[in-house]
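Asks: Below are the C-alpha cells for one structure; questions will follow.
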Amino acid sequence: MTDWLSRHVPKIVLAPTFFAVLLFVYGFIAWTAWVSFTRSKLMPRYDIDGLIQYDRLFSNPRWDTALNNLFVFGALFIVISMVLGLLLAIFLDQKIRIEGALRTIYLYPMALSMIVTGTAWKWILNPGLGIQAMVQGWGFPNFKFDWLINPKMALYTIVLAAIWQASGFVMALFLAGLRSVDGEIIKAAQVDGIPTWRVYTAIIIPSMAPIFLSAFIVLAHLAIKSFDLVIALTGGGPGYATDLPATYMYAMAFSRGDLGQAASSAMIMMGVVFAIVVPYLYSELRAKHD
Amino acid sequence: MKHMTAFAALSAATLTATVAMAEPQAEVLHWWTSGGEAKAVAVLQKQFSDRGGVWTDMPVAGGGGDAAMSALRARVLSGNAPTAVQLKGPAIQEWYDEGVLADISDVAEAQHWDDVLPAQIAEHMKCDGHWCAAPVNVHRVNWVWANKSILEANGIEMPTTWEEFNAAADKLKAAGITPLAHGGQAWQDATIFETVVLGIGGPDFYQKALVDLDPDALTSDTMKSVFDEMRKLRGYVDDNFSGRDWNLATAMVMNGEAAFQIMGDWAKGEFLAAGKEPGVDFVCAPTPGDAGFLYNVDSFAMFKVDGKDKQDGQKLLAELIVGPSFQETFNLNKGSIPVRTDVSLDKFDDCAKKSAADMKADGAAGSLLPSMAHGMALHGAQSGAIMDVVTAHFNSDMSSDDAVKMLADAVANSM
C-alpha cells in the first residue's frame, strides 16, 4: 500500500496542474490557431476558411511595420543591453569600494514597471518639455532632439528606454557569472603575466557561455512581449511607426472587432517565440544526455 | 432562539422583497465615467428609479470603450448579456448578426420614434427592419473651434472654404501663432480627414468614399486633393503634437496658444467647463465646405434577456431614453444635442442651436452623414484600415498618390 502511494502520490498531486496547463495553455493555443483560420469578426466563429487571415495580415503594411519594428527593436535591444550589461559587470568586478551601492543603483530601473519607464521617458524626450527644451534653454537654440515625434526615429526612443530598464538586470546576471569563474585559473593567468583584458576575452567571457544564453533568452522574450512600454511611450505613434506585433494584435482583437486577424497575428508571434525557444530547449536537453 | 427569530424575520423580509421583484430591472453597461458623462447617466438612473425600476449600473472605465466591449463579449459568450449596452453605428448590426439583440419595436411604435427622429439616424437603430437600439444624443463632428481674440487681433474671419482656412493659417503662422491645435492620435487625424473629405468633395463624395467605399471615389483626383490638403494642415500644427490628448489641444485654443481646433462638439464641454462663452471667448463654425453634417450618435442597444421584469426594464429604459425630458437634461450635461427634433432648445447655447438647425436642414437635404472616424459609418475593421492610412500619411512625407493607392488597398484588404 505504502509502495503504491509513494509511487503514485506525485502523479496525483501533479495531475490537476498538468490538466490545467494542458487546457489553459495548449488548449487555448489550439483554439487560437483554429480561430486564425476563420473569418471571425466580433465573436469567434468556427467555419474554417483557409489562409484568408494570413493573406490579409501579410498584405497589411501596418503588420509589415510591426514585424520589422520587432526585429530592429529586438536586435538592438538585445545586443546593446548585453554589451552594456557586460561592460558594467566588468567595471563593477574591479573590487571597488562602493560596489554594493552601485549595484543597487544599476539594478534599480528593473524594479520599475514598464509603464513608469515609458511615461518618464515620454517627458524626458518630449521636445517641448524635455532634453531639447532644456538644451535650447542653455543657449543652443538650434539644438534638435525630436526622435519621439519623428516617425523614422521614434522606434529608437523605445530601444533607449528598454535598454535603460534592462541593462542593469543583465549586469547583475553577468556579475554573478564573473564571480563564479574559477579564481585559480585567473591567478594562474596573472602569474603568467597575461594582461587583464586578455584574461577577460580569452578566459572569463568564454567560460560564461551559459549566462549569455540565459540573458539572451530573457531579453528576447522581453522584446517580443513588449507592449506596455510602447503604449506608455509612443502609443504606437507617430502614425503607426512604432507598432509592434503585440500592439497590433491588441488593436485588432479589442478595438477593431477583428478576432480572426488578431488570432493570425498571435500565431505568427508564437512562431517567432518558437524560433528562439526551440533551439534553446534543444541545446538544454542535449546537454543532459551528454 | 433569539438568533432564530432574527433569521426568520430576515428571511420574511427577503421573501417580501422577492415578491415585490416584479418591478422593472435593468443592468446597463456603459463607459461614461468622466465628470459630465457620469452626471448625464445619473439623470437616466434617477428617472428610471422614479418610475419604480431597479437600476444596476455596470460602468467599465477606460480605453474609449475597448474595455467595456471586452466585458460585453465575455458576458455574451457566457449567455448572460446585460439588459442594455452603450453601442453605436454598425456595431449594433454586427451584434445583431451574432443573434443577441432584442426587439423593442412595440415601445418605438407606441412612442412614435419614426416621427421625431431624423430618418438617417433612425436607420442605425433598426436591425432588419425592427428597432433594437435607442439613441441618446447627437454629436456633430465637423466643427471648427477658434479663439475669438486671436482672430480679431489678426483680422481673420471664420473661414468657409479650405482655401480661406489655408490663407488664414498662413497669416497666423507668419504672426508666430500656431494655427491649428491638434493631437497626433489616429482618431484625431481621422477626424480632420473626414471633415476635409466632406469639405472638398461634398456630401455625395463623402457618401461614396467613406460610407459606400466605392473604389473609384477612393482613387479619384478629389481624394488626391484631400490628401494634399491634409499635407498642408500638417504644416499648421505645432511640432509637439504627437500623442497629445484632444482636450489638451482644446486648452491650447482656450489659452490663446493656438487659433483653431477641428474637433467634435465635445470640445465645447471643455470651453464651457472653463467658464468660456460661445461667441464671446470662442467661436464655433462648421468646418469649411458648403454643406453637410457629420454625426456621431450615442445609443443603447437592447440585448436579449430572460424574465418579464428584465424585459419590462428594457422597455421602460427605451421609453425614457428617447423621452423629451431625458433628452433635454442629458444633452445639457453632455454638450451634445437631442436626437429628437421636437425638443425645445431654449436652455441650450448658440453652438447647440446652430447644430440642431443644421441637423434639420441637412437631414432634409440628404447631407446628414455618419462619421467614419467615430465608428458610425463602417465596421471597426474597415474604418480602422482607413485610419491607418490617414495617420501614416499625416505622420510621414508620403505623397498623395501613394496615399490614395494605399487607401484603396487597405480598404480592399479589410473586407
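Backbone N, Cα and C atoms are what each Cβ position is placed from, and that goes for glycine too.
These came from TrEMBL, pasted as-is:
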- A:12-34: transmembrane segment (TRANSMEM)
- A:67-280: domain 'ABC transmembrane type-1' (DOMAIN)
- A:70-92: transmembrane segment (TRANSMEM)
- A:104-124: transmembrane segment (TRANSMEM)
- A:153-178: transmembrane segment (TRANSMEM)
- A:199-224: transmembrane segment (TRANSMEM)
- A:262-282: transmembrane segment (TRANSMEM)
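Would you situate these features in the structure and describe their surroundings?
Replies: Sequence-distant contacts of the transmembrane segment (A:12-34) (same chain, at least 6 residues past either end, Cβ-Cβ under 8 Å): 46, 48, 263, 266-267, 270.
Through the fold, the transmembrane segment (A:70-92) approaches residues 99, 102-103, 106, 155-156, 158-159, 162-163, 166-175, 177-178, 200, 205, 212, 215-216, 219-220, 222-224, 226, 244-245, 272 of its own chain, all at least 6 residues removed from its boundaries and within a Cβ separation under 8 Å.
Panel annotation: around the transmembrane segment (A:104-124), residues 88, 92, 130-131, 148, 157, 160-161, 164-169, 171-172, 226, 228-234 of the same chain, lying at least six beyond its termini, place a Cβ under 8 Å from a Cβ of the stretch.
Tertiary proximity for the transmembrane segment (A:262-282) is limited to same-chain residues at least six positions away from its ends with a CB under 8 Å from its CB atoms, namely 29, 32-33, 35-36, 40, 53-54, 56-57, 63, 67, 70, 213, 217, 220-221, 224, 245-246, 248-250, 252-253.
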